[in-house]
């Protein structure tokens, strides 16, 4: 790497000739910039190429290689200069400013894959002939340097370079971590009966009035028949899977502070997949203007509403297990007394963009979430049990399924690099899918159970420790109620008489849809 800096140290008053002599003495002392540089790497250290005095400013041109980088050098000069001139000349340093700072980083291959790379706080230039990327900072001061934005930008770019494989495609952290190739099928079950139903369950649900599209994107109103079926599956999953493993029920918050998502590193991986929440300002007078304009114009004045909202401070829970890790934030635990919690208290939210179509991929969905914390062996065992009992339930219902190694564990999704010393499991995620026979072009399934082990990912992020300093892992399993129902209806259809006794016993008598003249449309 090459670093070239043009900046200045700004003093509290004009620099006198005597002060200049003392400052020059400091600038000529190479030991200041060689401190900490390994023997034999002196040429990589910072060098002051040029300097000049102008009023109360010391203008510097500094170059360096990897060691004692130029931006570190200008900060390093501050203390010895002050020791030399502070008391004697009664002057202080007011600020450090970098007017222009160019950092050239070598990229071994496929530099064109970074063509659209954007780095916050700086500009980028690609040189495809030399396979280098240059990041350029302009007009940054002491406060930015103290926040280490330069080092973070360098680290960010180097990570992006490392993530570009020989093919020029981005590498995914999931594929790097997995001991078994993602999408490998590890178990499957073929239905014993002949599955003849082949209609789209979303379309049929709408025709029958079991659901109605809500005005929000990816949202549905579930009417009594669909709700009855959802609750039946909720009971079955609790009885046949979760209670057998001994989870204790909790009520998890669903409004999650952004700082929790930051510690989870969810904001790195899938920031575009969440609903962000902005609390309102508590100013009745300002809202009175909003209401008045709405009543006069007979429309919602969105522009005015934006001004009445604070910055986003929360997200609607996209993973459901977020509060579990915050609960243990910086706590001492005992892995001899592991924890198993389950939450089924409300909706989960994902922004799917254009990916939301039918009932199998929605923005607002119900699921049962189990979470466990303990020794690695315990966490793996519990995860495997949740999957085993889910598969057994599907077999009891004669639902055709397969289980595969997941290619998108939620805590790794969208992430390209892990710079911390994290322990990962051999398989971060198993995904169980129910077959959708109405999809003709391919053998497609709906993911109904996602069984995850996180290793030390969340333990590290939330500072959780065992009181004997033993290894602590976490894991979670999500049972998607809506998706279990869709997979069931896709294979059995909507005729109650064709359903298995296990389901009919839970439901009893099916309720009717509300009588509305204009709905459902025939």
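Using the three backbone atoms N, Cα and C, a Cβ is placed for every residue, glycine included.
The L-serine site recorded in Swiss-Prot includes 350, 367, 368, 369, and the single candidate from 232, 319, 451 that the record places there is 319.
Annotated ATP-binding residues in Swiss-Prot are 350, 351, 352, 361, 362, and among 231, 265, 470, 483 the one listed with them is 483. Closest to residue 362 (ATP binding site) in space, going by CA atoms and restricting to the binding-site residues 319, 350, 368, 369, 476, is 350. Neighbours of residue 350 (L-serine binding site), defined as other CB atoms within 10 A of its CB across all chains, total 22. In the three-state DSSP assignment, the secondary structure recorded for residue 369 (L-serine binding site) is strand. Same-chain residues with CB within 8 A of the center of the 321, 369, 476 CB atoms, the Zn(2+) site residues themselves not counted, are 319, 320, 324, 343, 370, 371, 452, 477, 478.
Using residue 476 (Zn(2+) binding site) as the reference Cα, a 10 A cut-off selects 369 from the binding-site residues 351, 352, 361, 367, 369. Looking at 361, 367, 483, the binding-site residues in this record, the fewest other C-beta atoms within 10 angstroms of the C-beta turn up around 361. Listed in sequence order, 218, 273, 361, 362, 363 are the same-chain residues at least 6 apart in sequence whose CB falls under 8 Å from the CB of residue 352 (ATP binding site).
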